[in-house]
Amino acid sequence: MAPKQLPAVLLAACATLLALAAPLLAGDPDMLQDFCVADYKSLVGPLRLNGFPCKRPENVTADDFFSAALAFPGNTGNPVGSMVTAANVEKLPGLNTLGVSMSRVDYAPWGVNPPHTHPRATEIIYVLEGSLDVGFVTTAGKLFARTVCKGELFVFPRGLVHYQKNNGGARPPPSRPSTASFRARSPSP
């Protein structure tokens, strides 16, 4: 191989290696441990990853992975007629660093979960009772809306403005619950 061709060959080899390595960096990093249960008592710990410090593994119990936060209806006696109850790391310490959360939304007759967004989370809603009118608006201004009934799902893409409304009916029940799951540490903006 001529000395003038060597730099071109090396450059091509380096470019090929970089192109092959780029997709390997595109995913979420692997967790460093099986879990990181939130240690509420210590805001400085031996290991802190994207959330609360980790409780020492020998102090973790099954109760750290359990919560009854969504077991009871929320109070819908407010101006919008809905109540969002979150099951996040503050109520379920085992969620710390896992990148998911869940909420229960209860609706009064004709209650609404007003238009809102989750800049860092995709939301999926599952209707437990009755039906809801739901929708989201794209960045191009297009509305995607439909009625979702008991046992059905609807997904709201990350960062898009969306809403839910109890469409009532002739004799709506006192409250209609749904659950919403999020792929993010916290659905809050």
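In case you wondered, yes, glycine gets a Cβ from its N, Cα and C as well.
Keep in mind that TrEMBL annotations are predicted by a computer and have not been checked by a curator.
For C54, the disulfide partner recorded in TrEMBL among C14, C36 is C36. Within 10 Å (C-alpha to C-alpha) of H118 (oxalate binding site) lie the following recorded positions from C36, C54, H162: H162. Take the CB of H162 (Mn(2+) binding site) and look out to 10 A: across all protein chains shown you find 22 other CB atoms. Long-range C-beta contacts of H116 (Mn(2+) binding site), restricted to its own chain and to partners at least six residues apart, with a cutoff below 8 Å, comprise V161, H162, Y163.
Annotation note: H118 (oxalate binding site) sits in a coil segment as assigned by DSSP.
Using a 10 Å radius centred on the Cβ of N113 (oxalate binding site) and all shown protein chains, the other Cβ atoms total 24.
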